[in-house]
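Here is what Swiss-Prot records for this protein:
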{"type": "DNA_BIND", "residues": "129-229", "note": "DNA-binding region"}
{"type": "DOMAIN", "residues": "3-117", "note": "domain 'Response regulatory'"}
{"type": "MOD_RES", "residues": "Asp52", "note": "4-aspartylphosphate"}
Amino acid sequence: MKHVLVIDDDVAMRHLIVEYLTIHAFKVTAVADSKQFNRVLSSETVDVAVVDLNLGREDGLEIVRTLATKSDVPMIIISGDRLEEADKVVALELGATDFIAKPFGTREFLARIRVALRERPSVARTKDRRSFYFADWTLNIRQRRLISEEGGEIKLTAGEFNLLVAFLEKPRDVLSREQLLIASRVREEEVYDRSIDVLIFRLRRKLEGDPTSPQLIKTARGAGYFFDADVNVSYGGMMAA
């Protein structure tokens, strides 16, 4: 049974979500604040997180940010107001995977939950024993850790991690925006011109320091982006030929 964790300070909304998803064979935990939310995350397996941005005294985006750096759990943002493009950019930067505005239909909400579950990184990837070595970095797939040559760890959101893996699997191959959208798991109906550009900019900033003068992730004008570096890969400690 898949576990959905919901944070919303609206009691009626929590009851509605719990009742509806339970009918459709989900385990649902609904909480009102980040303290309860984090307690559940630390003690139980969660398959999808639903985060309300309007939490009164708390910042829903900060909850999204914290979760994205700790987990690959898909996050659906719900809001009482229609999200503008700027809000979506911020949410994508922080690691959100889907958006829905109140009031919403229960059938649509259920459909989005199911899509998020389908798009979650597969069990095969969590058992992936590959490590990629490039420039001054190591990316461990199973542990989802990006480590610098000096030993420092850089936190990646789920979208950034998926995007980097796509580049490392095909170094120096030009990848179109469409390919990168699929790789990063940005939902097609939420795509707009800046979706991939935002993720690329953030990934450049984390890898290179100066995203305005990229040396690793380069632009192929009119075609997409490519990763311009030698990449070595090992499988469980054994370097590939």
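Easy rule for this one: first residue shown is 1, then count along the chain.
Quick reminder: no glycine exception, Cβ is built from N, Cα and C everywhere.
As a whole-number mean, the pLDDT of the DNA-binding region (129-229) in this prediction is 86. Summarised by DSSP class, the composition of the DNA-binding region (129-229) is 37 helix, 24 strand, 40 coil.
Close to Asp52 (4-aspartylphosphate) in the fold, though at least 6 residues off in sequence, lie Ile7, Asp8, Asp9, Asp10, Met13, Gly60, Ile77, Ile78, Ser79, each with a CB less than 8 Å from its CB.
For the domain 'Response regulatory' (3-117), residue counts in helix, strand and coil come to 56 helix, 28 strand, 31 coil, using DSSP.
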